[in-house]
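Trainee: Sharing a structure, written as structure tokens. Questions coming.
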Amino acid sequence: MSTSFSLAWRLFKHEARRGELTIILLAIVLSVAAVLSLSLFSERLQGALKSRSAAFIAADAQLRSDEPLDEEWLLKAQQEGLSTAKQVSTRSMVFNGDAMSLVDLRAVNNTYPLKGTVNITDEPFGEKRDTSELPQSGEAWVQSRLFQSLGLSIGDRIEIGDGNFTVTKVLVDIPDAGFSVFNTDPIALINLADLEKTAVTGPGSRARYVGFFAGDASDISNFNSWLLPKLNDDLHSWRTVEDDESAIGRSVASAERYFLLASLLAIVLAAVSIAVAAQRYAQRHFDPVAIMKTLGATSATIRKIYLYQILLITALGILIGLVIGFIGQQIVVSLVADKVDVSLDVWHWRPLVIAVATGATCALLFSLYPLLQLFSVPPLRVLRKDISTNLRSRGIQFAASGGAIFTLMWMYSQDLKISAILFVSGSTLVLGLLGATFGLIAVGRKLGSGKMGPWQLAWARIKRRAMDNSVQLISFSVTIMLLLVVLVMRNDMVSQWRSQLPEGTPNYFLINITPDIQPKLDRHFSDNGVKIEEFYPVIRGRFVSVNGEGVNTDVSKEDEPNREGRRGLGREANLTWSNTLQKENEVLEGEWHGDSDETFADGLFPVSVEEGVAERLNIQMGDRLTFNVGSEIVETKVTSLRKVNWQTMQPNFFFVIHPDAMAAFSPTYITSFYLPTERKAELTNLLKPFASITMFDVDARINQLREIVDQVSVAVEFILVLVLLAGSLVLIAQVQASMDERSQEIAILRTLGAKGRLIRKSVIFEFVIIGVVAGFMAAMANELSLYLLQTSVFQMQASLHPEYWVIAPAVGAVVVGILGAVGCWRLLKLNTSQMLRNMV
Amino acid sequence: MIKANSVTKVVNTSEGSLQILRPISFEVKSGESVAVIGASGSGKSTLLGLLAGLDQVSEGEIFLDNEALHNMDEEERAVLRGNKVGFIFQSFMLVQSLTALENVMLPAEIAGLDNPKALAIDILEQVGLKHRAHHFPNQLSGGEQQRVAIARAFITSPKILFADEPTGNLDAKNSEKIEALLFQMNREKGTTLVLVTHDNELAEHCDRQLTMNAGELVETTQSKSANKKEAV
């Protein structure tokens with residue numbers, strides 16, 4: 001063993017035993033434990049949530065196509081180790097004798113569904129249960145509504161296209177049923193083998209062919225890379241759980257981003273605490289280095305000794321951190337297990353690698369500057385204690401620390417945007433704080449003069465240690481800011497999720513309400529104590545031209561996959577008309593047409609278009625849109641573009657026309673109402689007088705949505721607690737570190753006869769001042785980070801949080817003040833000679 | 001053994017450059033003990049730092065055992081210190097996280113001597129601290145700490161020993177003990193000793209006194225004891 005290593009080992013052994021490495025070791029342990037527990041937990045949870053939301057597309061990924069899928073593709077997927085399933089869906093008429101109805105026909109093969117379950121019930125509108133079976137050849141499973149509209153019973157024969165089927169089960173739901181108010185046709189499920197005999201997918205029909213894939217993320221991604229070049233954008237679309245644009249998909253996606261954010265912040269917290277600890281570590285070793293150099297140690301020997309020592313500390317810190325992190329994470333998992341209806345047992349290697357890499361990178365990079373300082377301590381320090389180091393440039397320190405944090409964040413998130421946002425707002429905070437510290441010192445210079453009371457002592461200390469204090473202030477502020485970001489983000493996100501589905505969200509929809517029935521229905525419902533939401537008039541119209549240029553209205557011709565000309569809607573549009581802007585709609589461009597009854601001079605009526613469809617169909621403000629409604633032509637002009645919140649459970653429309661344009665037409669109405677689950681039995685009675693109305697039930701789906709949102713919220717809350725815990729520990733470590741620096745001064749004050757009370761008060765005041773400033777600066781930087789995060793990453797409405805401008809400084813003052821008091825109390829317990837001896 | 005030729009030290013301060021040592025020349029023979037005395041701020045410690053190679057001269061030459069210290073960089077000076085120089089300081093300068101034994105072993109290890117532990121135990125025995133070998137510095141009294149420092153200084157059998165106020169932090173009783181020990185070991189090992197002190201009594205024990213005042217060497221006197229010794 002080399003001399004350097006044996007010296008390093010001896011120093012390490014004794015210092016560890018004497019508790020001198022506690023702070024730096026604790027910082028590394030904390031960083032590794034926080035990163036491991038957070039990322040392991042979030043990865044497990046994400047995996048679990050993903051598999052849960054995978055149920056909504058019945059697979060991990062779907063390939064949708066307008067023409068039959070190439071069998072070779074499915075074969076390739078199976079070779080890649082994926083499970084596959086197939087479905088063909090189309091709209092078709094179903095006959096039961098003379099009665100007929102349009103259905104959403106789904107023909108599936110025997111492996112369907114890969115994720116989620118098919119639900120059936122024993123009688124129409126009965127209690128649902130899972131089944132692993134599927135319709136056998138010759139069988140059809142149909143939804144309750146079809147039983148109602150066709151007067152069916154189990155065992156009846158129905159005709160679908162050219163095929164005859166026996167109705168054997170009441171279908172409640174299939175996982176990938178989808179949800180749309182206008183997707184009103186009941187589902188009929190048959191075996192894929194029977195599809196051919198129905199002949200409903202012949203030329204001219206509009207069928208969708210879906211391939212389902214499930215397996216490891218890496219296998220899916222491999223298969224996707226292989227498949228992608230073979231796909232035609234006009235015919236095929238590839239969807240994964242991540243592409244899910246539903247409320248669930250978005251909630252899970254934003255939760256994932258939140259977990260990522262929280263883990264990133266944990267990394268920054270870790271980095272801050274290690275930076276503080278490493279600085280202190282280096283300062284404590286100035287004397288030993290000077291002594292060793294005086295005794296003949298060369299720079300190379302010193303470098304080796306301390307590099308070995310840092311490596312030993314890092315290794316031990318990482319080891320303890322991994323153990324604690326794993327235990328912590330396991331505790332959280334066991335706490336959440338009964339709240340989140342998913343298995344959290346899958347082990348992931350990535351968090352382990354990330355945690356080790358974070359600990360090692362932070363420990364080594366953040367120790368770099370303090371170590372360089374240490375190496376440059378001149379031997380002359382043995383004679384003159386005031387000489388500390390020849391290294392003066394803080395530029396290296398800031399560049400190395402900033403670079404390290406950014407690299408870590410980027411490496412971990414693989415998301416340049418999130419990393420850049422956090423980094424920019426963090427850097428702004430650091431610069432702002434440097435300015436603030438020096439401003440504060442200038443103010444303090446005035447306040448600090450005069451008789452030596454605790455306030456004056458506190459100010460004098462802050463003034464004297466301007467640079468040290470600014471570093472300390474920055475680390476406090478960054479910690480508080482990160483905690484604020486995680487806390488406020490969680491509050492905003494969870495309340496936004498919850499507001500999507502407030503209590504009393506309509507859980508039943510009624511369609512096909514004719515104008516003559518509408519008032520009766522309204523009255524009948526209110527007599528029965530059920531509040532009906534707004535009635536929306538709906539009429540089907542064909543969107544035919546933009547500025548006189550015809551659009552493709554035919555969508556069903558398979559022989560024209562690459563149609564030329566302007567893109568059309570692809571189906572009939574559900575047109576509505578209103579003077580009032582619907583809830584959760586926001587005009588982005590132009591002006592809402594309101595109740596002005598003026599038509600345009602050229603006979604055009606105002607229409608408001610949803611932004612997404614406007615973009616897809618290349619519709620601009622001021623464009624003339626023509627619709628065919630029955631045999632009439634309705635000419636409109638785009639006067640506004642609207643943003644629609646598709647995540648709300650309410651009817652949304654692409655086109656809302658001025659009511660005057662539609663006066664001549666007789667619409668049907670669509671409405672929704674809320675009925676508590678316990679009153680479900682009243683439904684039959686409620687609807688009895690209105691046989692022509694179609695009702696559909698989204699209660700189960702809303703409950704499912706709410707359940708997932710709740711579970712994601714619980715998970716987010718646990719992550720929040722973890723980060724708060726990590727942040728508090730970092731604060732404690734920082735106060736401890738700075739207390740150590742203060743011990744010398746306290747020893748001198750004690751020796752000079754200062755009362756414990758005076759010292760304690762002055763230290764508390766100093767920490768209170770630092771806490772207030774750090775809290776306020778953190779609140780400001782928090783607003784900047786949140787604005788950037790909410791608008792660019794989470795796609796949320798950005799909001800100001802003025803309450804935190806007061807709360808953060810107050811909490812900063814109290815928490816930092818208390819920590820200061822506790823640290824000070826520990827020092828004051830030592831007797832003066834002990835303290836003086838420790839100083840040597 | 002030590003030769004200083006027109007040695008000066010100038011430091012740059014915010015108010016311009018400040019000459020803290022004016023040209024100083026003197027020689028110390030092998031085995032001789034020299035005390036550098038003078039008031040606070042007279043430049044004693046600065047001179048010691050330069051002679052020991054802890055600091056770089058601004059001008060002039062210093063030869064240590066015929067080696068030109070003034071031409072060496074910090075690395076070369078470190079090697080020279082490790083091989084030929086021992087130190088004793090007013091504030092003991094022990095590494096707090098190493099035991100007494102390990103502190104004594106330190107220079108031997110750095111110099112790459114064989115069996116540093118045995119050497120250290122042996123020399124700790126000579127200073128009467130073998131029984132405290134495994135104590136840490138803060139578990140030892142001031143006098144004990146300085147005895148450890150003396151043991152550390154002699155473990156590599158240096159040719160030259162520099163001592164900066166070796167009794168400055170000790171009470172009268174301990175000062176006497178340390179003085180006695182220092183000079184005894186110095187005699188036994190035949191070391192050349194350069195000692196900086198305020199203490200005239202301690203200075204008297206040396207062969208010669210160099211008196212500093214405001215950065216200048218103002219007087220060189222032979223000790224009475226040295227004269228006696230010579231007379232003997």
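Any Cβ shown, glycine's included, is placed from N, Cα and C.
All annotation found in TrEMBL is predicted automatically rather than curated by experts.
In case it helps, TrEMBL gives these features for our protein:
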| type | residues | note |
| --- | --- | --- |
| DOMAIN | A:23-199 | domain 'MacB-like periplasmic core' |
| DOMAIN | A:261-379 | domain 'ABC3 transporter permease C-terminal' |
| DOMAIN | A:718-831 | domain 'ABC3 transporter permease C-terminal' |
| TRANSMEM | A:21-41 | transmembrane segment |
| TRANSMEM | A:258-278 | transmembrane segment |
| TRANSMEM | A:305-332 | transmembrane segment |
| TRANSMEM | A:352-375 | transmembrane segment |
| TRANSMEM | A:395-412 | transmembrane segment |
| TRANSMEM | A:418-443 | transmembrane segment |
| TRANSMEM | A:471-489 | transmembrane segment |
| TRANSMEM | A:712-733 | transmembrane segment |
| TRANSMEM | A:763-784 | transmembrane segment |
| TRANSMEM | A:804-828 | transmembrane segment |
Trainee: Can we call the transmembrane segment (A:763-784) and the transmembrane segment (A:418-443) in contact, meaning three or more C-beta pairs below 8 angstroms at a sequence separation of 6+?
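Mentor: Yes, these stretches are in contact.
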Trainee: Please give the sequence-distant neighbours of the transmembrane segment (A:804-828): residues at least 6 beyond its ends with Cβ less than 8 Å from one of its Cβ atoms.
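Mentor: Same-chain contacts beyond the flanks: 476, 480, 484, 488, 728, 731-732, 735-736, 738-739, 742-743, 746, 750, 756, 759-760, 763-764, 766-768, 770-776, 778-780, 782, 835.
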Trainee: Between the stretches A:21-41, A:418-443, A:471-489, which one has more Cβ pairs under 8 Å with the transmembrane segment (A:395-412) than any other?
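Mentor: Ranked by Cβ pairs under 8 Å, first place goes to A:418-443.
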Trainee: Over the domain 'MacB-like periplasmic core' (A:23-199), what is the model's mean pLDDT?
Mentor: 85
Trainee: Below 8 angstroms Cβ to Cβ, which residues of this chain, lying six or more residues outside the transmembrane segment (A:21-41), approach it?
Mentor: 12, 15, 259, 262-263, 266-267, 269-271, 273-274, 276-278, 280-281, 313-314, 316-318, 320-322, 324-326, 328-329, 332-333, 344, 348, 350-352, 354-356, 358-359, 362-363, 412, 718-719, 722-723, 726, 729-730, 733, 736-737, 740
Trainee: With DSSP, how much of the domain 'ABC3 transporter permease C-terminal' (A:261-379) is helix, how much strand and how much coil, in residues?
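Mentor: Output for the domain 'ABC3 transporter permease C-terminal' (A:261-379) reads 98 helix, 0 strand, 21 coil.
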Trainee: Count the residues of the domain 'ABC3 transporter permease C-terminal' (A:718-831) that DSSP assigns to helix (H, G, I), to strand (E, B) and to coil, and report the three numbers in that order.
Mentor: 99 helix, 0 strand, 15 coil
